[in-house]
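Enquirer: My questions will all concern the structure given below.
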Ligand SMILES: CC(C)(COP(=O)(O)OP(=O)(O)OC[C@H]1O[C@@H](n2cnc3c(N)ncnc32)[C@H](O)[C@@H]1OP(=O)(O)O)[C@@H](O)C(=O)NCCC(=O)NCCS
């Protein structure tokens, strides 16, 4: 007989307790993008719904943006930083491989010795982080978990690439996940489709420089736009539908829909396919924020709550999807 | 059972109406999706996805670009439907 191991004491359920966001001060209108590509404001708006995006300045680093967003989320949850005992940062645009940016964040926020690590799940990063956080809270390894999606995608944008130059933005969105007596985060429908890993990808790995390469262009994100669009409108609507079903929520029960803010056309198509009733508030933050990858869902969530378009206690469907390809969808009660 | 040409045109007309709001009667064989029917490259992807479901065909991305007119799409679907 092996010795008996005492398990951790978790919480019956988990919930999102607070949210916070940071958008860089510099607003970049489509006109500025047109200096680099042959396009038009009208084309960009009609194909993506994007009018402006925020691009970070030199001082608005991944770390600094995260500290702002995280500080707000912690305050929104009514916590003190030292109560946070795990920090999960989802990003693809922090250019120092090790240590994780999460450790510096945990320290500078004043969490004490919170467990801290980064994850890489591109535009599904928020849902991946949320799922891990929920697991930690329910299992008992952490009581309050900070989950942040943060990107400086402007650093990974080729301004001369017509299919991406207008798309990406920068920012940070954070939530606190903590214990709950009621279910407030549904089951996650998530996965990966690695057979499509080439459809959104960094053009070159960093080690081209180590190996003496002097590529003409700095590595950037490139994509097969139509293939990704097709996958998003067709497959992701099914994933969103499944997330509702496994949570036992009908479209009628739903108050808010917060899809990853990739492209307004994808959002419109999903709303149609899901047959969301008129009363459901749909996040359309992409218009002024662009695609901020892992940050897009918490940023949109914060804005909907701040502007009164959504309310605390509302039932929201969230779905992220992107490079990998990866996806994650779930239903949450808004903080 | 395979759809007839007439059924394919009617089905496509319904799809185009649903996605782009174009009256069904405007969807004629000689009409260009982008120039005549206000179906841009992304709406075209949605039309194709809907047509795949409805007519049990696979239309790969590379072939989508060859479907300029309603007639092109009807011929393609008639030849490839399962
Ligand atoms: C990027 C995206 C807007 C491009 O739209 P698209 O319709 O697929 O564009 P295509 O490259 O097929 O080009 C269609 C037409 O527009 C033109 N075009 C392409 N980019 C253009 C631009 N930036 N400005 C003006 N015209 C452009 C092309 O030349 C082509 O014209 P043609 O038909 O006369 O040859 C779209 O594919 C998209 O948003 N996909 C999803 C991407 C996404 O969300 N990725 C992130 C997921 S996390």
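Going from the start of the chain as shown, residues are counted 1 onward.
The backbone N, Cα and C atoms fix where each Cβ goes, and this holds for glycine too.
The domain 'Beta-ketoacyl-[acyl-carrier-protein] synthase III N-terminal' feature in TrEMBL is assigned to A:117-194. Sequence annotations record features per position, and here TrEMBL assigns active site to A:123, A:260, A:291. If you look up TrEMBL, you'll see A:244-333 marked as domain 'Beta-ketoacyl-[acyl-carrier-protein] synthase III C-terminal'. As annotated by TrEMBL, region 'ACP-binding' applies to A:261-265.
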Enquirer: How many Å separate the Cα atoms of residue A:260 (active site) and residue A:291 (active site)?
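Expert: Per the Cα atoms, residue A:260 (active site) and residue A:291 (active site) stand 8 Å apart.
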Enquirer: Please report the DSSP secondary structure of residue A:291 (active site), reduced to three states.
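Expert: The residue in question, residue A:291 (active site), is strand (DSSP, three-state).
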Enquirer: Please list residues from the chain of residue A:123 (active site) whose Cβ is under 8 angstroms from its Cβ, counting only those at least six apart in sequence.
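Expert: When sequence neighbours closer than 6 are ignored, residue A:123 (active site) has A:260, A:262, A:291, A:293, A:294, A:296, A:320, A:321, A:322, A:323, A:326 within Cβ distance under 8 Å.
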Enquirer: Looking only at the region 'ACP-binding' (A:261-265), report the model's average pLDDT.
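Expert: Summarising the region 'ACP-binding' (A:261-265) by its mean pLDDT gives 97.
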Enquirer: Could you tell me which of these active-site residues, A:260, A:291, has the greatest number of Cβ atoms within 10 Å of its own Cβ?
Expert: A:260
